[in-house]
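Asker: Dumping the structure here so I can ask a few things about it.
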Amino acid sequence: MGAEAAGSGRALRELVREAEVSLLECKVCFERFGHRQQRRPRNLPCGHVVCLACVAALAHPRTLALECPFCRRACRGCDTSDCLPVLHLLELLGSALRPAPAAPRAAPRAAPCAPGALACHHAFGGWGTLVNPTGLALCPKTGRVVVVHDGRRRVKIFDSGGGCAHQFGEKGEAAQDIRYPLDVAVTNDCHVVVTDAGDRSIKVFDFFGQIKLVIGDQFSLPWGVETTPQNGVVVTDAEAGSLHLLEVDFAEGALQRTEKLQGHLCSPRGVAVSWLTGAIAVLEHPPGLGAGAGSTAVKVFSPTMQLIGQVDTFGLSLFFPSRITASAVTFDHQGNVIVADTSSQAVLCLGQPEEFPVLKPIITHGLSHPVALTFTKENSLLVLDSAAHSVKVYKADWG
């Protein structure tokens, strides 16, 4: 009887987990539905369901007109209604999904060398120009901004003023097409590297969109991608739980060497490389159930792949008054680790890896669902906000 009960318990937990991922999550911003105003599930006239925050982000501010992000059917924001089946399911599974009561938190330590608060200078993109963007990179040579998204052409390149300079990467099934881009990086010699979850490959294009190389059959689910100062490419494999270094002859379009830098990671996604120290930060998304669902962890490795700092959602909760769910990671020019937090729609500085956790909020308003970060040479911070379908430029105050 004990074994049978344990088996039933595991099956129930799996069922709850499947419901949470498949039914109780907005597929635009990937936040869990809830009863509070911004996360309430709303029916569109076409039958698709999104959260109220995404309805507000997608709707025109004056006419309230919007397109369904899935089937592109036109409607108006005022034509939406509460999705009662999802709300009822939230009630039924409430005890399994409800997080445990928060313990009292200590006051956060200030980061003595962290950047100051940032102010939004301008934004570009917007619904239609960008559709559910997932990755952001900066060209080191030209300063142009490269974004991957769910539009007909998956890669969009913006000039310094936010105008669309070029786009490529057709949506399709051919090897040179891009099915479902997850992340993007740009090399020192202006080659664009895209991780494609659709065929589980890494695709390399020149800056004009000509395909140079397709690396397939080596990864289970390539996710995050970043370049190194030596023009190498580091890639996380979320399904295999590993981190890889690729050496590529970009001019010839040839893969020269692949090295597994780390194994036994827990669903690694985002990755960042410090051009100051050579350190590599990896963002993990451990699977969880109930109170543990949505937990994240940041691990930082030295150039020789020694672990020099790590912190997770629970550890950060001891220093910060609200739950932190990291969705993106980068380094600033001083080597501080910067993360985007989707729970509080903020950007936080965690300080130097050796001093984790040193917490300082640097952006606390104006974001809906930040999914990617990068600093410019001028110390401006670019934030990709997927719910607003835009890139927001924050000016750094280092004083």
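Including glycine, each Cβ sits where the backbone N, Cα and C put it.
Those TrEMBL annotations? Automatic predictions, nothing curated.
The domain 'RING-type' annotation in TrEMBL covers 26-72. Taken from TrEMBL, the feature repeat 'NHL' covers 120-161, 165-208, 218-249, 255-304, 365-397.
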Asker: Looking at 218-249, 255-304, 365-397, which one has the highest count of Cβ pairs under 8 angstroms to the repeat 'NHL' (165-208)?
Answerer: 218-249
Asker: With DSSP as the reference, give the number of residues of the repeat 'NHL' (165-208) in helix, strand and coil.
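Answerer: Tallying H, G and I as helix, E and B as strand, the rest coil: 0 helix, 22 strand, 22 coil.
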Asker: By DSSP assignment, list the helix, strand and coil residue numbers for the domain 'RING-type' (26-72), in that order.
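Answerer: Output for the domain 'RING-type' (26-72) reads 10 helix, 10 strand, 27 coil.
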Asker: What stretch, picked from 120-161, 255-304, 365-397, has the most CB pairs under 8 A with the repeat 'NHL' (218-249)?
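Answerer: If we count Cβ pairs closer than 8 Å to the repeat 'NHL' (218-249), 255-304 scores highest.
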